[in-house]
Amino acid sequence: MRACLLLGVALTLVCSHPVFAGIVMTGTRVIYPADAREKSVQLSNTGTRPYIVQMQVDGGRPGDGQASDAFVFTPPIFRMEPGAGQSVRLRYVGKALPQDRESLFYLSFTQLPAVTTAEQSGNQLVLAVTNRVKVFWRPRGLTDDAEAIARGLTLRLSGNTLHVSNPSGRFASVRRASLVVNGREIQLAESAMVAPKSTAEWRPSAPVSGLRGARLRLVLVNDYGSDVVTERVL
């Protein structure tokens, strides 16, 4: 109860990378196979002081931040000593999800430095850091890798807008998309996703006389967090 209270009243900083924090997670995303009973998430305390850690999954709706009851953690709240590791079991207990495409959730782990008796007596601001990573719930049969997803994207030009359609059942995780025009690279998208069986619209970040004939450079992220680079001519 004390840990819950501390996490509730502390000032929280939300970030997508483990900066200013002692607790780090192995991997940059979680792939949860639909037929898996549970998935293990590995955490390590690389700091020099103990932390209280709270786990949560949400549906990623903007401005929501509400925990989803589709997943349960064992344990959901725990203490980690300096240099220690912790394995947390993640289990899906929600309703049936579409079997022809991935479903996206977000895993958050909030870390709060343990406060000493001396620190409790002073007026100190305690900063709780929350890290978020994507959780991809993946049905059986979706075997395309990032390279195949990149090849399968269909592109359609409409003026200076590029319509990017993803016919696959997996998310296209785009670290960066850019145009190469006359040797100049112009950004189209960054840290974006194209959802399964959907279309995204990208526009150049700088004026371009015409997109046709330009080279599209795509940097997708695979299951291991590594870059997969492909190029196509529009």
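Glycine is treated like the rest: Cβ placed from N, Cα and C.
Caution: TrEMBL annotation is automatic and unverified by curators.
The feature signal peptide is assigned by TrEMBL to 1-21.
Taken as a whole, the domain 'Pili assembly chaperone N-terminal' (22-142) shows an average pLDDT of 89 in this prediction. Summarising the annotation, TrEMBL assigns domain 'Pili assembly chaperone N-terminal' to 22-142.
According to TrEMBL, the domain 'Pili assembly chaperone C-terminal' annotation covers 164-226.
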Reported in the order helix, strand, coil, what are the DSSP residue counts of the domain 'Pili assembly chaperone C-terminal' (164-226)?
0 helix, 36 strand, 27 coil
